[in-house]
Amino acid sequence: MGKNVVVLGTQWGDEGKGKIVDLLTEHAAAVVRYQGGHNAGHTLVIDGEKTVLHLIPSGVLREGVQCLIGNGVVVAPDALLREITKLEEKGVPVRERLRISPSCPLILSFHVALDQAREKARGELKIGTTGRGIGPAYEDKVARRGLRVGDLLNMPRFEDKLRELVDYHNFMLVGYYKEPAIEFEKTLAECKEYAELLKPLMLDVTAELHDLRRAGKDIMFEGAQGSLLDIDHGTYPYVTSSNTTAGGVATGSGVGPMFLDYILGITKAYTTRVGSGPFPTELFDEVGAHLAKQGHEFGATTGRARRCGWFDAVILRRAIDVNSISGICLTKLDVLDGLETINICTGYKDAQGNAVAPTDADSYVGLQPVYEEVPGWSESTVGAKTLEELPANARAYIKRVEELIGAPIDIISTGPDRNETIVLRHPFA
């Protein structure tokens with residue numbers, strides 16, 4: 001029998017999921033995205049060549065691997081087609097392997113305009129969205145007024161629905177945000193072009209996944225963003241608009257929880273965050289600058305500098321529970337090379353010194369992290385492929401992290417290339 005393996009982030013995103021998905025898809029027949037949109041930025045480095053993917057599953061660089069976009073993903077046709085073209089220009093065959101669920105909500109021009117208008121209006125209170133229309137598209141889905149990929153198959157009906165949506169959103173754009181109106185005819189013309197290009201890619205992804213499962217094929221489910229950005233379980237309201245935790249796999253693909261065999265949580269050896277929101281272990285000193293520089297901490301989607309801080313075992317324990325994590329992949333261990341001492345956050349205290357466990361953004365206010373200091377290492381870990389190649393203090397750090405989070409570290413990433421990896425227990429084994 002095949003195995004269904006989920007790869008998801010356990011922090012605030014940018015944990016290095018793309019590399020690990022690419023690594024593990026050597027064993028997979030298919031890779032499926034199940035939530036988010038082109039706000040994701042998955043960076044792959046293969047033989048020194050960097051590729052950044054936003055919407056297409058990271059298995060696309062593996063020959064013969066089927067790439068599926070499940071119903072939980074919001075699809076911006078223009079962004080998807082740009083990504084396809086860019087890959088095809090590199091000689092990567094995409095269209096014959098990429099299939100999209102007709103149930104995927106569409107992101108159209110008015111969603112992007114609304115997203116950007118809202119962030120502009122919030123000023124200093126902005127959430128820090130990518131401004132790509134993700135949230136407004138999910139809102140339309142939940143309000144049951146959204147257009148979906150499959151609607152492009154019936155253009156007369158699509159035109160009627162689109163007119164209603166453009167009128168609805170222009171009312172807010174013009175009347176409240178004082179922004180220019182979206183042109184209906186221009187948007188319709190664009191959608192007609194999208195329809196011709198997307199029709200050959202449409203497929204009942206849920207049915208395909210179950211056919212693969214029954215045929216005994218290995219399937220990889222690729223998460224986007226991170227657990228602490230989950231709309232329900234994250235640091236609300238500084239979150240994304242989808243379920244980034246393991247529950248999103250079932251709803252976003254149609255493959256039920258009982259069919260998920262292994263859930264791999266991707267975790268940086270330190271912590272980063274892009275945009276606004278609480279971050280208890282954030283560093284503003286030379287160590288934070290070291291992590292940012294050595295880790296090349298700039299968002300693959302937005303280019304924004306990431307905030308950097310010490311490893312936080314508290315948020316990891318929460319993510320492990322919420323996702324029922326089977327094992328952890330610890331990434332960017334090499335970024336800690338050269339640090340004399342390293343701190344690990346083991347808890348939080350409020351102003352009165354009481355131990356607390358925050359559940360939303362407001363409950364983080366005023367909290368101080370409680371640190372455990374461990375010795376660092378001066379030797380390089382870059383490119384290590386076995387545990388024995390790591391410095392003794394690096395091995396001790398890994399062991400201590402395991403003890404604090406209560407989950408096994410099954411994979412360790414020691415560099416950006418797919419080959420710079422230590423695999424202690426293979427998820428597909």
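Just so you know, glycine gets a Cβ as well, placed from its N, Cα and C.
Using a 10 Å Cβ-Cβ cutoff, HIS42 (active site, proton donor) registers 25 neighbours. As annotated by Swiss-Prot, GTP binding site applies to 13-19, 41-43, ARG306, 332-334, 413-415.
The active site, proton acceptor annotation in Swiss-Prot covers ASP14.
The Cβ of GLY41 (IMP binding site) has 21 neighbouring Cβ atoms from other residues within 10 Å, across all protein chains displayed. Under the three-state DSSP scheme, GLY41 (IMP binding site) falls in the coil class. The IMP binding site annotation in Swiss-Prot covers ASP14, GLU15, GLY16, LYS17, ASN39, ALA40, GLY41, HIS42, THR130, ARG144, GLN225, THR240, ARG304.
The feature Mg(2+) binding site is assigned by Swiss-Prot to ASP14, GLY41, with sequence analysis given as support.
Marked as active site, proton donor by Swiss-Prot: HIS42.
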Among THR130, GLN225, THR414, which are binding-site residues, the residue with the most C-beta atoms within 10 angstroms of its C-beta: GLN225
Cα proximity to ARG304 (IMP binding site), best match among recorded positions ASP14, GLY16, THR43, LEU333: ASP14
Rounded Cα-Cα span from LYS19 (GTP binding site) to GLN225 (IMP binding site), Å: 14
LEU333 (GTP binding site): tally of other CB atoms within 10 A of its CB: 23
Those binding-site residues listed as ASN39, THR43, and which of them has the most Cβ atoms within 10 Å of its own Cβ: ASN39
